[in-house]
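Worksheet: one structure, shown below.
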Amino acid sequence: MCSISGIIVKENQIPAKYAIEMMKILKHRGKDGSGLLLDDEVVYFEDFKDVEDLEDEMIGNLSLAHNRLAIVGKHGAQPIPNEDEDIWMVCNGEIYNYIELREYLKENHEFRTDTDNEVIIHLYEERMLEEIDGDYAFAIYDKSDNSVLLSRDLFGVKPLFYVDTDKYFAFASERKALWHLLININGYEKDLDKLNGKIKTLKPNSQLIYYLSDNSFEIIENFKKLKLNYMKERSYGEAKKYLDKALKKSVLKRVRGLDKVGIICSGGVDSSLIAKLASLYCEVILYAVGTENSEDLIYAEKLTKDLNLKLRKKIISEEEYESYVFKVAKAIDEVDLMKIGVGIPIYAASEMAKEDGLKVVLSGQGADELFGGYARHERIYKEKGEEELKKELLKDVNNLYKVNLERDDHCTMANGVELRVPFLDEEVVEIALSIPVDYKISELRKKILRDVASQYLPDYIAYRPKKAAQYGSGGEKIIYKVAKKYGFSKKKINEFLEMLKKKIIDEINE
């Protein structure tokens, strides 16, 4: 996991300092080396002090920048070129089938690194990008075609934002890097909502092609098609076996090459199942966060004792919660109480993972959307029928990127830890969305997933009722207490939020 960013200047040239400042803002996402392409010049460096003299000396019209978090391969400096150095790429993500793809591509292509990302540039040359199995956001500069391609994975596990102004087009892994340009080049005021209003998200499963000849771009959506008839006419037992096998395969892909992995654990069925499956392949450490006597901590403690797994827990005091509210709001680039409440346990868990020297954590994100885990899913099924619920579940999966995934990514990457989500594996999603609805919702929600989980977990976890993350961790009430500390009532919570927004912008643009 890394950060990517880039600027395309529409008129004149700009100094490298703008591209470098964006990289500095995103440095928390990758501290294992950086690289910058500015027109035809490329520099790789370990410390920003190494490029201080270049900030005003290097000028150009186009930049690609990268900060690396090294997970696969020791020699993976980016931007990466093709053999002729007329195509360059920066990527944030993991390609899970890179070994198989590399084997196929090596007959016609020379590989310079031992990393997974390098297969992308050669797949682009072969017009085979749809063969990628992974979570990614990447940018490819094709000199011969005079274009830049941006692409994002199937479900939006990896973030990618862009802004288009009269002076430049720019993209980045987080919005805060684009704020810097809007404030310092365009002269926008330091207003978080207005700045975010100028920034767009590249949707999952989409490609944006920017044509340098006339500074125009087009967006191609639904680049890859899902197969949603996977489980047609399968019995319940068959569907359960297929799901079980696909989940194991998905987890294995995401821990391949790792000796140890962290699990963000709520003590619920989704994260607990992922923890148990991961433990089949490598050492796992479960991270559970909550307030004193919160349900998540109680269930996580009992589970780890019964399954003989390692647990690290953090009890957040009311005093600590205040600092986490600010940390999470700053990490996610927005002030949304619901997202902050859910984000705090994720942020704190990834802090502990960082302390333990881990670079990868897994979560159970996506299971509720795939298997009908919310009360509204049951209500839609009972009131409107199977077809309406199928539409709702597909919509929920397609909206995961803006509801949950971008928040979760930013919370873990604020601590230099990559989040992987096994439930959002392409095959798992295709199976889940094609399973008959009555396999998911009957006397309880997520029935088939719970029945798979019961093969690995105690029943008190496999069949534990769903509780929203911010309630299970005990944090929702404390957020209001923090606001009240500043003299605001619950009704005046907006004043507290405005104070948060100002603090975030001021800290990013100090």
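Using N, Cα and C of the backbone, Cβ positions are placed for all residues, glycine too.
Heads up, TrEMBL stuff is auto-annotated, nobody curated it.
Per TrEMBL, the features are:
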- C2: active site, for GATase activity (ACT_SITE)
- D116: L-glutamine binding site (BINDING)
- V289, S363, G364: ATP binding site (BINDING)
- 2-213: domain 'Glutamine amidotransferase type-2' (DOMAIN)
Among all protein chains shown, how many Cβ atoms are found within 10 Å of the Cβ of V289 (ATP binding site), not counting that one?
29
If I take the alpha carbons of V289 (ATP binding site) and C2 (active site, for GATase activity), what is the distance between them in whole Å?
25
How many neighbouring Cβ atoms, not counting its own, are there within 10 Å of the Cβ of the residue listed as 'active site, for GATase activity'?
28
Between S363 (ATP binding site) and C2 (active site, for GATase activity): CA-CA distance (Å):
19
Grab the pLDDT values for the domain 'Glutamine amidotransferase type-2' (2-213) and give me their mean, rounded.
94
About how far apart, in whole Å, are the alpha carbons (Cα) of S363 (ATP binding site) and D116 (L-glutamine binding site)?
22
Rounded to the nearest angstrom, how far is the Cα of D116 (L-glutamine binding site) from the Cα of G364 (ATP binding site)?
24
Could you give the maximum C-alpha to C-alpha distance in Å for the residues V289, S363, G364 that bind ATP per the record?
15
